[in-house]
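Each remark here refers to the structure printed beneath this line.
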Amino acid sequence: MGFLSAGGLWASLFRARISPIVETDEVLPLTLIDNIAAARNAILSEVIRFDQVLDVVKLRDGLTELIDKRGWRKLGGRLRLRPNGSLEIHVPREFTEERPAFRFTSQAFDIAIEEHALGSQLPKLSDGPSLQPGSTSVDKFNLIPDKPEKLDDYVYSDRPILALHVTSFTNSCIVTLTWSHVVFGARGIKELIAAWSKVLHGEQNVPLLLGTHQDVLAGIGTDGDKTAPFLLDPIKIKGLGLVRIIFGLLWEIWQHPTVETRALHLPKRFVSQLRQKCMEELGAFCREDPAPFISEGDVLEAWCSRFVAQARADEKPALVTNALDIKDRLTAPWSSRGEYLQNTGCCTWTPVQPETLLRSPLGELAYVIRRSIQELATDDQLRAQLRIFRSLGHTKMLPLFGNPNSRVISFSNWTKFNLFEVTNLGPAVISTSPSTRSDASTSPIGRPVYMHCEAAGDSRMLRNCFNVTGKDWDGSYWITAHLYPEDWTKLEEYMRQTQQHISD
């Protein structure tokens with residue numbers, strides 16, 4: 001969701017903008033989920049740190065070889081507007097120096113990363129739960145020339161969908177992939193990095209890229225696809241209720257215009273103990289044998305949601321939203337012959353009352369989130385949700401459900417994609433000698449030691465928002481949090497209290 005500034009509005013009204021069209025380009029469609037407004041307005045960057053020096057030429061050439069393969073040429077396309085305002089991809093018949101498959105840039109510092117004033121502040125492992133510098137600190141020295149900030153930067157230029165930027169030190173390397181969310185999301189970046197890794201290793205089993213010419217979801221959520229009613233329809237926020245919740249968000253933005261991003265490092269032992277405590281609480285609450293299942297992800301969402309509620313110091317209900325990948329949940333004509341590089345994310349909405357949010361055992365709150373996911377992640381409910389997506393088109397915002405007075409708390413959990421494991425750029429490592437490795441490295445050769453995903457542009461709308469990157473090689477969780485500047489001291493105290501509570 002974003003707002004057009006007054007200056008941007010006048011500029012758009014009085015400046016003719018032309019999207020460059022090359023008649024010989026191959027035109028590829030985007031999919032149902034690709035074209036919804038939430039995806040088309042986001043530019044994402046996956047920032048990956050390695051504790052070895054990588055050969056930038058091998059990285060560039062490997063990615064070039066991948067995009068030249070069948071189906072993968074989609075990534076070398078350009079985004080273009082159709083007459084009805086939806087988007088499509090125009091792929092050059094041949095990639096050249098003037099029209100490359102992707103944008104490539106690099107920079108190098110002739111010092112160790114620990115000697116760099118900002119590089120030394122990058123997130124690192126800690127014995128207990130800790131707050132670390134966020135993406136803003138990385139961006140200050142990981143400067144990407146002409147980095148896209150909005151959809152127009154693609155549509156009104158010949159910019160490729162994908163960009164690769166490499167920042168090198170004498171003992172470390174930061175690899176950044178930037179793309180428009182309109183083309184793919186979390187599952188897509190996983191498939192891209194996995195295939196890139198295979199190419200670098202010289203493997204012949206690089207998967208085909210499927211669904212480039214026809215949406216595998218084309219027949220789902222249509223009039224001919226009979227589905228059950230969407231469970232949350234009776235509590236859809238609309239009319240004056242929608243005005244109220246939007247006004248509440250705008251009021252919060254006016255009161256707290258600044259949002260900061262920090263990284264949370266939660267060690268394996270901390271998360272395991274927290275989940276065990278929640279399971280014990282849930283067992284006492286449900287009195288079932290065995291107690292209902294709750295995952296570490298459920299527990300982390302409950303824990304973060306409770307922090308937001310406590311930090312805001314009010315009795316507002318919450319609407320906890322969660323991005324949900326549908327690839328393994330929805331019955332669709334998915335083919336096993338290859339992979340799909342498209343958006344496969346739907347959403348769950350969990351209305352939570354203040355009593356549960358603030359005062360019930362944390363295990364009970366985690367179970368409320370788990371139960372909501374179970375109810376909304378069925379085949380029938382996902383089909384019903386895709387029917388809603390079709391009705392939205394490319395202009396309308398996603399619906400909200402629950403109490404109009406709610407505070408929205410958002411989550412995106414990428415743990416299931418195992419990004420630390422699928423990323424293997426080993427053949428591009430220049431040297432594995434101690435002199436070219438960071439002293440604190442815990443990752444295998446050619447594997448990441450840290451990563452996060454960030455969104456470009458105005459971050460004021462990304463508030464009370466958490467992206468769970470997943471587990472690293474120590475089994476620790478990395479979470480990117482978007483909160484207020486005054487929240488960090490409160491969060492450190494919250495972590496300390498939690499540590500004491502689960503250790504009792």
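Note: Cβ is positioned from N, Cα and C throughout, glycine not excepted.
It should be emphasised that the depicted structure is a prediction, and the values quoted were computed from it without experimental measurement.
According to Swiss-Prot, the protein has these features:
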- H181: active site, proton acceptor (ACT_SITE)
- N84: N-linked glycosylation site (CARBOHYD)
- N413: N-linked glycosylation site (CARBOHYD)
- N467: N-linked glycosylation site (CARBOHYD)
- 1-18: signal peptide (SIGNAL)
- CB contacts under 8 angstroms to H181 (active site, proton acceptor), restricted to the same chain and 6+ apart in sequence, sorted by sequence, are A39, R40, N41, A42, I43, L44, N343
- Task: Identify, among the glycosylation sites N84, N413, N467, the residue whose Cβ has the fewest other Cβ atoms within 10 Å in this structure.
- Result: N84
- Item | Cα distance (Å, whole number) from N467 (N-linked glycosylation site) to N413 (N-linked glycosylation site) | 6
- Pop the Cα-Cα gap between N467 (N-linked glycosylation site) and N84 (N-linked glycosylation site) into the table, whole Å please. 33
